[in-house]
Amino acid sequence: MEFFISMSETIKYNDDDHKTVFLKTLNEQRLEGEFCDIAIVVEDVKFRAHRCVLAACSTYFKKLFKKLEVDSSSVIEIDFLRSDIFEEVLNYMYTAKISVKKEDVNLMMSSGQILGIRFLDKLCSQKRDVSSPEENTQSKSKYCLKINRPIGEPNDTQDDEVEEIGDHDDSPSDVTVEGTPPSQEDGKSPTTTLRVQEAILKELGSEEVRKVNCYGQEVESMETTESKDLGSQTPQALTFNDGISEVKDEQTPGWTTAAGDMKFEYLLYGHREHIVCQACGKTFSDEARLRKHEKLHTADRPFVCEMCTKGFTTQAHLKEHLKIHTGYKPYSCEVCGKSFIRAPDLKKHERVHSNERPFACHMCDKAFKHKSHLKDHERRHRGEKPFVCGSCTKAFAKASDLKRHENNMHSERKQVTTANSIQSETEQLQAAAMAREAEQQLETIACS
């Protein structure tokens, strides 16, 4: 602790531990859900937080809150980040530290840029400054972040593949970047996606909250043309006027699909071939998401509900499921009063009243209320029929079409059920007839 005495004999004290204690207390309140006035939903996972902390750490949230003027019960859903990435970003806001896997370092920095987090944005800029075109073509080694820990700080990292990044007074000397970027593959420029991101981020820096559509012809042609050299182009040379539109003012109060829909994945994850799940035909932009999804088809469900024995792959999904047993439905429709357990379910329902169709097909003019309907529609454009009947090998583009086909054409159970119902009805009629006959006989005996 330091203190100063001025000429007027006024004593001033500086509490060096205040910042640490302040952050620790705020983080404890967040983890306990105390005084949280905002909930962020990412991939159906809800994160409670304090609005003032989000606005102080992120220029994106600051502009978003000013535009929406949300109240204390607001829930905001963002669909351009992975839930695990946002969880680490949120932990950084409250602890000034980030733990990130090496393969997710680039994604973490891109997410930090979009959210307007100064520390992650600076890391991304330092990483770009260190890399050079000569290194891109001569070296095959990967980027490596070397973080200098403060003396005496324990190492809680259990996985050697996790890098812990700390914001220590924003000192550039604490963070160094070693290694060289990966070599170019198939003639593609490794900076192409980054330049596209920079151009989009420049648009996101405006005062209005914007919605990004990255499936424009200019972007797609640049990413898919292997022989075209974009090294000499600058971010300012890329235009996205046709693909960027402002969020409509008549959007439902208290709700927002922040900064774009599923098309924003084109920017955030880069242009990649879609990976298809062999079990259900659902497509994914990277293998990590596919592996996470494949757990749904396996028996590995360690989180079991004690009330109905239903299993789940994550603890967050189990918590959402438990709301069904309690009957607690905190999300109510302002139009008809219908209540829902989850925020995404309410959002889907509200589109019934507003007729909002935010999911537009980039191949035609059709738009849809739900993302799943858009995916089914896009499969028809591509001619994909991933859902195959196990009895006759007939293929379908939608899972519902396959189920309908199996019920109509191969449902032996349905035929047995129908036969049983007919037999049961016949037995009931026979029993009723026998009862009437017995009553008539009793009446005859009584009269005689």
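Just so you know, glycine gets a Cβ as well, placed from its N, Cα and C.
From a predicted model like this one, the values you see are computed outputs, not experimental measurements.
Residues or ranges marked as domain 'BTB' by Swiss-Prot on the basis of sequence analysis: 36-102.
The motif 'Nuclear localization signal' annotation in Swiss-Prot covers 50-66.
Among the features that Swiss-Prot reports, region 'Disordered' is placed at 130-193 (among others).
Per Swiss-Prot, the feature compositional bias 'Acidic residues' maps to 156-167.
Secondary structure of the zinc finger (275-302), assigned with DSSP and counted as helix (H, G, I), strand (E, B) and coil, comes to 11 helix, 4 strand, 13 coil. The zinc finger annotation in Swiss-Prot covers 275-302 (among others), and the record cites sequence analysis as its basis.
Look at Swiss-Prot and you will find 303-330 (among others) tagged as zinc finger. Mean model confidence for the zinc finger (303-330) is a pLDDT of 80.
According to Swiss-Prot, the feature zinc finger maps to 331-358 (among others).
Per Swiss-Prot, the feature zinc finger maps to 359-386 (among others).
Long-range neighbours of the zinc finger (387-415) within the same chain, counting only residues 6 or more positions beyond its ends whose Cβ lies under 8 Å from a Cβ of the stretch, are 280-281, 376, 379-380. Marked as zinc finger by Swiss-Prot on the basis of sequence analysis: 387-415 (among others).
Residues annotated as region 'Disordered' in Swiss-Prot: 404-425 (among others).
The compositional bias 'Basic and acidic residues' feature in Swiss-Prot is assigned to 404-415.
The annotation compositional bias 'Polar residues' is assigned in Swiss-Prot to 416-425.
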List the helix, strand and coil residue totals of the domain 'BTB' (36-102) as derived from DSSP.
31 helix, 19 strand, 17 coil
